[in-house]
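Asker: The structure follows.
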């Protein structure tokens, strides 16, 4: 271990002459009094940059949304995983420096979704960043920030000064001892790191011999007042920042807050938002309660907890069961006709652990993510971000999402794209002009099947943005409804859309924590028997397999190619109606594999639109599962989740 010891003398530019508490001074903390956001101070402290010997740790290849492992792996409980956080962050910093013309990073954000091990990991990461000469490290008060808010802060705070953000999250995965922890990196435009970055990070992790850190560094009080500054070394400073301001600025650029506030006071308008004890809860309180004036009763589980209250923070019909029931819905999303419609909230929504996913429901009406995206697109006039520009200049969906968006885009003359799953693929399209000086597709609308919706106001999916979009749609739909008359509901918006465009019945089966070899056997069977093989050999049935392919993608902006992004089976019913089933292995879990099966069938007949999607798609699901021998190969007779 190599040490570089020195005495730091830290001077901050004099902006406001204010006194400091003795305790703060002794701790190396520059804490403004009297409401000052900045102050001057001069203090000496002894600390040491250490270059610590380490060995590479296998398995640090990030997936579509960062690296996720069991929390005990990150904690280095086993000797084989000693210094796991330090190794990963050093590999990340080395990659970022390479992409920064070999210059040290100047400003980075470090924030997490509040899950178990979040505070400890932030302290470790800050020491590694300071050891590597990062001059400004921004941490949100409390250490908690939703993923959309991090993206907004990268893009907007101090004119977009931050070069990136390190986000501590395993998204919708459970938290707590024995559960999941993760780290992802967002680059300078607020977008998730691309494959080129993550692959280089992985290569560096396999070659790593040392990491840099700071010994005897001052501990950071994550709950300190906004503006508090900590000197870690003579060149590296940590500042506690407001978690909300940049994000509020981004949302205000998209929506008319004053009009929404007025709409929220209207008789018959009520909202129920489930934060699932994740990072999105405080942001929902700040926006819905403090900005829009809705009552506190609009919030459910909006206090972040390290273990998410022992719930699974994934906003779907299974894990948001309390919200689903409160909206007058059964477990499969069908309406519970035993509940009085008029007693239910007008709009229901939920976030996941890091606040980027969303579930949308109305009274007795569940809106699938694919339908929600299509309906936002068709109602773009309701949303100022789009209406001010004359509509979206581009829209996109992940390939496994239903084709509901395609139909609307074609009818409305909007350029449309189908991408692999992963928000980073939307990022190139959003930044086509900004980053590549090519076609400008902004304002841009996009979404994916796993409850993700967003726009170009940031470079991440944004759960709260989707809620405000639906509030705006309902506000526009009711602008000419006289006081005292029945309001246009979410269910009205949905059924009117289906009558206009037809319904894309859609649902997803998740088989979670499948043994990896068994999951790969399922995928290999599909490739070998149906994609590379002869589909005519498939056993006969009423629902006929007519085509099979594996989805690949050539990025229309940078020309990069991505392969093996999903296995697509096309079917035909005896009536001639077509359907498709897609199989993917999800990269968002920390153990085993999740097999996701996506089912879609188009229906034009309005008399059939009222059926529950899982019921309408049951025979298609049974046919597909039999073809791929799911029970025989995995032992799973039913999915973990249907949503």
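Using N, Cα and C of the backbone, Cβ positions are placed for all residues, glycine too.
Automatic, uncurated: that is what TrEMBL annotation is.
Worth saying up front: this structure is predicted, and the values here are computed from it rather than measured.
The signal peptide annotation in TrEMBL covers 1-24. Residues or ranges marked as domain 'Alpha-D-phosphohexomutase alpha/beta/alpha' in TrEMBL: 61-205, 246-361, 371-481.
On this model, are these features tucked inside or out on the surface, and what's nearby?
Answerer: When DSSP labels each residue, the domain 'Alpha-D-phosphohexomutase alpha/beta/alpha' (61-205) comes out as 64 helix, 32 strand, 49 coil, counted as helix, strand and coil in that order.
Mean model confidence of the domain 'Alpha-D-phosphohexomutase alpha/beta/alpha' (246-361) amounts to 97 (pLDDT, 0 to 100 scale).
For the domain 'Alpha-D-phosphohexomutase alpha/beta/alpha' (371-481), the DSSP counts in helix, strand and coil order read 52 helix, 18 strand, 41 coil.
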Asker: Per DSSP, what is the residue count of the domain 'Alpha-D-phosphohexomutase alpha/beta/alpha' (246-361) in each of helix, strand and coil?
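Answerer: Its residues fall into 42 helix, 18 strand, 56 coil.
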